[in-house]
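Record features, source TrEMBL:
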- C:21-44: transmembrane segment (TRANSMEM)
- C:104-123: transmembrane segment (TRANSMEM)
- C:130-149: transmembrane segment (TRANSMEM)
- C:169-194: transmembrane segment (TRANSMEM)
- C:215-236: transmembrane segment (TRANSMEM)
- C:242-264: transmembrane segment (TRANSMEM)
- C:271-291: transmembrane segment (TRANSMEM)
- C:297-314: transmembrane segment (TRANSMEM)
């Protein structure tokens with residue numbers, strides 16, 4: 001660590017989308033031979049910062065500097081030329097091409113203008129050995145499981161012989177063994193003088209690997225310091241920066257009512273043959289690592305994807321809803337995690353979005369009842385404190401307000417079961433608090449709330465009961481005092497803990 | 001300045017102003033253009049395009065496209081003379097049958113798109129090709145003359161000096177505007193066009209609305225076919241071909257986004273008139289079909305360039 | 001394992017993997033060819049084989065042109081008009097001062113140029129390919145009609161006999177074009193077409209110049225289409241401004257039959273070429289069995305819908321079980 005000059009820096013970068021600031025003056029400096037952790041809650045601006053550092057986006061103001069010199073027009077091509085490689089959460093692979101071609105894509109060795117398959121083979125064999133990929137190199141990526149694809153993605157980054165390597169949640173779909181191999185690779189690269197940026201929700205990994213940390217919150221840097229001498233709790237304090245008690249409403253003693261959802265032998269998408277039941281007045285959390293079937297459980301109950309069950313009773317009706325319309329009619333509603341693509345019609349007005357599920361109910365003689373619609377919209381906007389003109393396109397709203405619209409549009413249906421998928425992702429603290437209060441109030445009114453969340457504190461402090469999924473099966477059901485971050489993470493990772501598994 | 005800006009933000013109004021300008025300039029410079037008879041003739045031509053574009057507007061609002069409009073027009077124009085029963089003095093039975101068939105064709109398009117997951121553009125293109133072959137087999141390629149009184153009345157009558165076709169167009173316009181702006185299904189079409197996934201998860205049935213939509217498109221194309229037949233008194237293979245691209249062009253001219261989710265039939269109406277007017281002017285200058293084809297293509301392309309800029313964001 | 005042999009191993013292994021999933025198609029094509037030989041043994045003579053491949057050749061070319069774009073996540077509705085324009089330009093320029101070479105060059109440049117312009121509009125302005133090519137198809141038709149309002153023009157007799165006589169020149173040309181495609185696919189640009197079609201964002205992040213790849217795909221597609229027009233002109237001995245019309249739908253039908261998907265990145269060029277062969281054999285069989293030419297249209301409509309719908313229905317049926 002004699003060379004103190006950072007290889008890659010962001011200097012006071014600002015970036016916004018549709019007028020919503022996402023990054024508000026962020027600094028970060030990546031030094032050679034150091035693993036730098038980037039922490040922050042969902043929606044804090046991590047992905048945007050990565051996109052700026054890799055040239056996929058341009059900052060609105062501020063600069064990206066390579067080797068201490070600011071670069072004017074930073075593109076993925078110039079980033080690559082500067083030796084910057086990124087392993088994104090969303091894979092950059094082409095399903096029908098082979099492992100070797102995918103690893104070489106964009107950086108093929110050439111001879112006479114053609115791809116030099118001999119050189120490609122040599123290079124690919126080397127990086128595959130590093131990450132333990134033993135599959136035949138001619139195998140199409142489509143044939144690989146998600147975790148193996150992630151390893152191909154990592155091999156692809158290594159193939160570019162990066163001076164700076166950015167890893168965004170690289171272990172979210174890896175097995176413990178694969179994660180161990182990756183940790184070894186990271187240490188080796190660090191010792192060779194590579195600058196690494198490591199983004200992960202798994203604080204034990206961060207502690208084990210990283211020497212320095214930058215914490216983002218609501219688009220600003222709240223900490224930029226060495227990690228030496230900081231333990232797990234210290235990390236959490238850095239990230240949260242407040243007592244969690246402020247955020248969550250008090251949890252009254254749970255007095256569940258009649259069963260609202262009761263399925264056995266339930267399969268949908270990744271979910272395989274599970275039993276699940278929940279009662280009116282409960283908030284039931286669904287936890288687990290990313291992509292273990294949480295979303296499919298909700299979508300299957302909602303009739304949005306094909307599902308089957310050996311026995312099912314949903315909202316007082318026997319059998320699963322056949323489609324979304326039937327689910328709505330039975331009093332089930334769904335708020336998706338990806339509100340921009342699944343929850344809202346972004347270019348349409350706030351009013352159109354709020355009224356969409358109620359169109360049929362408000363119609364009289366086949367025609368829309370405009371005064372009734374206007375009244376309802378005004379009422380919803382007031383109840384959820386959505387400020388301003390409802391004729392504005394919903395994409396002009398901040399993430400938190402968009403989420404309120406996605407939730408509010410269902411209220412006129414007086415739903416008895418609310419299926420929520422990560423409802424606070426990318427939502428500011430204030431709105432989070434409002435949403436939590438609202439969910440508590442819903443439960444008190446006797447509604448059932450099923451809440452899938454990637455935010456573990458949310459599961460711990462808001463839910464009456466937490467079901468942890470792992471590989472499509474129920475790994476644990478935690479009730480009351482048994483709900484803790486350790487118990488949830490342990491069950492999610494497949495660690496057997498006494499008293500936790502039910 | 002502000003007025004100009006807001007004008008550009010309101011494509012239907014912009015198109016209307018353009019039409020007025022073109023009519024004003026052409027009426028002052030070209031003798032005979034401003035005559036009542038000529039303008040009425042232009043509106044009569046625009047009525048066919050406008051009615052054919054009624055279904056197309058709905059389909060494009062929902063993010064699809066109907067390439068079978070021309071073929072459906074031809075089908076009705078040829079079938080009405082063939083299937084109108086002799087015992088029916090009003091001719092309404094033949095018209096009703098033909099419209100049912102046209103609606104049925106649209107319904108099949110919708111079924112293909114909704115259940116077989118064939119992309120609408122391919123489904124309707126294949127349907128158009130299929131119908132083209134079937135018609136030659138059925139009708140044998142020769143022109144058929146219509147004697148159906150209802151059809152002739154529609155094509156030739158001029159109550160109070162206004163051609164019946166224009167009156168029909170007024171009725172269709174009112175109906176389509178009601179569908180889009182005053183009925184729940186119109187809002188659903190728009191939501192599906194802008195974000196099908198979000199609309200589906202909000203309880204909007206994709207299959208149901210797709211079926212209704214393409215059936216409506218088939219119905220309006222059939223209506224246009226009957227009007228064309230009445231105006232021409234003859235039906236032949238290929239009579240509907242010119243209306244495919246013009247129906248799309250009228251929609252795009254009216255400021256409706258080709259990507260779906262944004263627009264209104266209120267723009268398509270002046271769009272159809274503008275299209276007919278420019279075609280008439282081009283014909284005055286140069287009657288070559290080659291130039292006309294180039295003009296159509298360029299018009300659509302330049303409109304795409306103008307409207308596409310906004311859609312990109 | 002030495003470097004050279006390992007190179008041969010990797011390339012060969014990847015190539016043979018690409019046949020996966022095409023076995024059924026190969027079987028169907030082979031069965032239809034056998035049926036054809038049984039019905040019309042004349043195909044086994046040099047003349048018969050030549051005639052058969054001459055009917056197939058332009059369809060194979062436009063199918064490649066269409067598949068190239070579909071693999072890249074696009075589509076073109078301008079195939080037919082561009083075939084016509086190619087034929088018209090061939091028929092109007094070959095009698096000029098630069099003769100046949102000048103004519104071929106003019107056709108090739110026109111195809112490349114028009115394709116590139118469409119590609120720039122689609123890629124740089126991010127407009128949907130389907131509607132841009134629909135508008136483009138009318139402009140191209142108009143230009144063809146202006147150049148040659150009714151069928152005519154001049155194609156030297158020796159060129160017609162050379163390309164469409166009793167020798168299998170067309171077949172050899174097709175083999176040559178397929179070899180050139182193989183070479184192209186072994187360049188970063190060629191593989192970029194697949195990558196940008198399947199996962200454009202990922203390809204962009206990996207450093208594939210996605211927009212340039214798209215423009216190149218449209219330009220190459222235009223070149224192949226215009227050359228098909230040149231061949232059609234040689235076949236008929238004249239230029240015809242609307243002769244290409246059936247090729248638009250046929251190219252889509254053949255590509256879909258060959259397993260090329262609408263959403264980009266799915267499918268193979270060898271599958272598409274087999275699809276064109278299959279369609280060509282079907283059309284020939286229907287023609288020889290005495291179906292009226294319009295029955296082709298009916299069949300094409302059904303084939304396209306069937307080729308898309310059957311796999312989809314199978315998928316749904318499997319998902320239900």
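Placement of Cβ uses the backbone N, Cα and C atoms for every residue, glycine included.
TrEMBL entries are annotated by machine, without manual review.
Small disclaimer: the values here were computed from a predicted structure and weren't measured.
For the transmembrane segment (C:242-264), the partner stretch with the most Cβ pairs below 8 Å, chosen from C:169-194, C:215-236, C:271-291, C:297-314, is C:271-291.
Spatially, the transmembrane segment (C:104-123) is adjacent to the transmembrane segment (C:215-236); three or more Cβ-Cβ distances between them are under 8 Å for residues at least 6 apart in sequence. Counting same-chain residues at least six beyond the ends of the transmembrane segment (C:297-314), those with a Cβ under 8 angstroms from any Cβ of the stretch are 249-250, 252-253, 256-257, 262, 279, 282-283, 286. Using the rule of three or more Cβ pairs under 8 Å, pairs at least 6 apart in sequence, the transmembrane segment (C:271-291) is not in contact with the transmembrane segment (C:130-149). Distant neighbours of the transmembrane segment (C:169-194): 11, 49-50, 53-54, 56-57, 60-61, 64, 68, 71-72, 162-163, 203, 208-210, 213, 216-217, 220, 224, 231, 265, 269, 273; these residues of the same chain sit at least 6 beyond its ends, with a Cβ under 8 Å from one of its Cβ atoms.
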